């Protein structure tokens, strides 16, 4: 197999502090009754980490490169809009998404009740299987103090034929 045909892997990370005056969006879903996250767009850490992983795998940089905070059209943008545009950029660069996995890090909200719903939404948006998991830091650090949320993602892309 030549290097041009090898799959590529990307890693993405995103972190946002809580902002109680904003709605919480995670994995493209609204979480009523939970404090939101501060950010230029909707601050959906799950989708932002996924976008970073996809962009990294395709050699396209990261969210800041593609959707910078200096660009007003991305102000308060929905994570699903960013993800749809990211997938378009990845495809335009000549890649197809194989799959991705995202892990949400934080004490709350609890993902388990909405995991299937979130995975379905992400999978439909990307057009490839997306797995979602969660972990806590057992009370350690800013995540353990409930100051914010983080997410880490990996993505696999293949050259489109």
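Glycine is no exception: its Cβ is also placed from the backbone N, Cα and C atoms.
Feature annotations, courtesy of Swiss-Prot:
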BINDING   14, 15, 16, 40, 41, 62, 63, 64, 142, 145  4-CDP-2-C-methyl-D-erythritol 2-phosphate binding site
BINDING   14, 16, 48  divalent metal cation binding site
SITE      40  site 'Transition state stabilizer'
SITE      136  site 'Transition state stabilizer'
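Shown here: features listed in Swiss-Prot, placed on the structure.
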{"residue": "14", "record": "4-CDP-2-C-methyl-D-erythritol 2-phosphate binding site", "CB count, 10 Å": "26"}
{"residue": "16", "record": "4-CDP-2-C-methyl-D-erythritol 2-phosphate binding site", "CB count, 10 Å": "21"}
{"residue": "40", "record": "site 'Transition state stabilizer'", "CB count, 10 Å": "18"}
{"residue": "41", "record": "4-CDP-2-C-methyl-D-erythritol 2-phosphate binding site", "CB count, 10 Å": "21"}
{"residue": "48", "record": "divalent metal cation binding site", "CB count, 10 Å": "29"}
{"residue": "63", "record": "4-CDP-2-C-methyl-D-erythritol 2-phosphate binding site", "CB count, 10 Å": "21"}
{"residue": "136", "record": "site 'Transition state stabilizer'", "CB count, 10 Å": "14"}
{"residue": "142", "record": "4-CDP-2-C-methyl-D-erythritol 2-phosphate binding site", "CB count, 10 Å": "15"}
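Ranked by CA distance from residue 48 (divalent metal cation binding site), the binding-site residues 16, 41, 63 have 63 at the top as the closest. In the three-state DSSP classification, residue 14 (4-CDP-2-C-methyl-D-erythritol 2-phosphate binding site) falls within a strand. Nearest Cα neighbour of residue 136 (site 'Transition state stabilizer') among the listed recorded positions (16, 40, 41, 63, 142): 142. Put simply, residue 40 (site 'Transition state stabilizer') is 20 Å from residue 142 (4-CDP-2-C-methyl-D-erythritol 2-phosphate binding site) when counted between their Cα atoms. Residue 16 (4-CDP-2-C-methyl-D-erythritol 2-phosphate binding site) sits 10 Å from residue 40 (site 'Transition state stabilizer'), counting Cα to Cα.
If you measure from the Cα atom of residue 14 (4-CDP-2-C-methyl-D-erythritol 2-phosphate binding site) to that of residue 40 (site 'Transition state stabilizer'), you get 13 Å. According to its DSSP assignment, residue 48 (divalent metal cation binding site) is helical. Under the three-state DSSP scheme, residue 41 (4-CDP-2-C-methyl-D-erythritol 2-phosphate binding site) falls in the coil class. The DSSP secondary structure for residue 142 (4-CDP-2-C-methyl-D-erythritol 2-phosphate binding site) is helix.
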